[in-house]
Amino acid sequence: MNLLTISTQIILAIIFFMHSTQSLASQSLILPLKAKLIPSNKLSFHHNISLTVSLTVGSPPQAATMVLDTGSELSWLRCQKTPAAAAPSFSPSLSSSYRPTPCSSSTCTTRTRDFPIPASCDAKHLCHVAVSYADASSVEGNLAAEVFYLDQSNSFDNITFGCMDSGSSSNPEDLKTTGLVGLNRGGLSFITQAGFRKFSYCISGKDSSGVLLFGDADFPWLSPLNYTPLVEMPAATRLPYFDRAAYTVRLEGVRVGNRLLPVQKTIYEPDHTGAGQTMVDSGTQFTFLLGPVYDALKAEFLRQTKGILRPLDEPEFVFQGAMDACFRVELSRRAAPAMLPAVALMFRGVEMSVRGEKLLYRVAGMTRGNDGVYCLTFGNSDLLGVEAYIVGHHHQQNMWMEFDLSKSRVGLADFSCDWPRKNFSRDSKILLDKCSFSMKDTSTVVLSGTNNRFGFDSILVLDVLTVVITGLDQTFKVWRIKVMPKEVERRPAPVETAAKGGEYEASPVLSPSWVLIINCVGCELDWGIKLNHNAL
């Protein structure tokens, strides 16, 4: 639902696991995501990182960098009427599969009913749509259908999206992305049209990278998730301030350290107008609370950090229009985050703990003497004129977040999101030989190929004598495999005997700690992964 500016780039790896007996929508799929530099006034909320995914659209495919937004329904691309127009954009005139939507179609008359701005009919009898945002920026154009490619071999036909050929924005940074991919629960969201009933993401707090997964996250290394139910609103119920398509959960309390904020529980519940719902949104960076809860949080955080943090004491300074709990922190002082009280968001059935470095955010370019200026990463929704609680992705760092539409729930678990990013990478320059983890009797290590040149979706370790390689990409079918003791893990020469994808080769090694080296015939680099087998 929203975007902003930062000086780092995010890479979220995306992976696809093929099961030939299943339909495409029932498979698990991951694509490469990045963080783009987006202006601080882009959409409804101000935040610093916009997660983007690189797709291709049309026939022949055209590259598109799209903002990943669980707070929006309609996916849209910036369209140009002539191919020579400024990039990045999509040129419908160059695509043979582009199909504009007539205003008489049921897609235009029925499926757009949840849009804040009703669809209309233009002079060419095409379905006209407009999307506007709280900062007065907007885009508008025609609904259309196209083929969207998630990679070279997996596509979705007839995806309805907005082909936006005009808009209004005061910031040229808006031109850095081609559009937006909507992932909420609405009927025209990408996740709904593609038929996926579950997706997950995991964002690293260390380097702002991670993974995005469409489908089941059935991995042996993933901890069990804790779930909170989604709030359902009957289709016939229309409340002016309630977004029925959002991922709405029940916030039941906020705790600072061991102290529960002294506010009435009813403040966390939506009122008769729908104001006060709690939404989980990948398009917003920080977390925003309604005024009474924010004020109580700010007061308690200041009380518990007295003597630890030095308040900025500049009442006129409000970071990004909604965050006024700011502090002066010595730039050389690195121990402060560990001394701060954790803030727990208490949802029904599960808690999200915000602690350490996730509590404070440095204001870029702002110093006071030898001090940097840091602000609490919670904002006041009232100052933005938004009647809702928003849980932003900054507070979801190092958590596996799962959105399960089939069971109407959101799952989460603390997780080191740096690990899957390394192992799901498609970058041929990254080796896997620095990863270690615990294994039990039978474990599966899930990997992906490099730059579509070769690939394998899993290594099934049956025991230390048997390794099964399952290939995704059929370009390179021959693999050379060797299991080595830990003491000789420095890239030994592989065995000469080759095994084809889907077959296995046994190596007579028995060691509690060992290394698997895989070489692909014709590939530039070897791949290796260090496995600690604690069961043997």
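Each residue's number is its place along the chain shown, starting with 1.
Including glycine, each Cβ sits where the backbone N, Cα and C put it.
TrEMBL lists 1-25 with the feature signal peptide.
What TrEMBL records for 51-413 is domain 'Peptidase A1'.
Marked as active site by TrEMBL: D69 (among others). A sphere of 10 angstroms centred on the C-beta of D69 (active site) encloses 27 other C-beta atoms.
When secondary structure is read from DSSP and collapsed to three states, D281 (active site) falls in the coil class. For D281 (among others), the entry in TrEMBL reads active site.
In the three-state DSSP assignment, the secondary structure recorded for D69 (active site) is strand. For D281 (active site), the Cβ neighbour count at a 10 Å cut-off comes to 26, with all displayed protein chains included. When the Cα atoms are compared, D69 (active site) and D281 (active site) turn out to be 7 Å apart.
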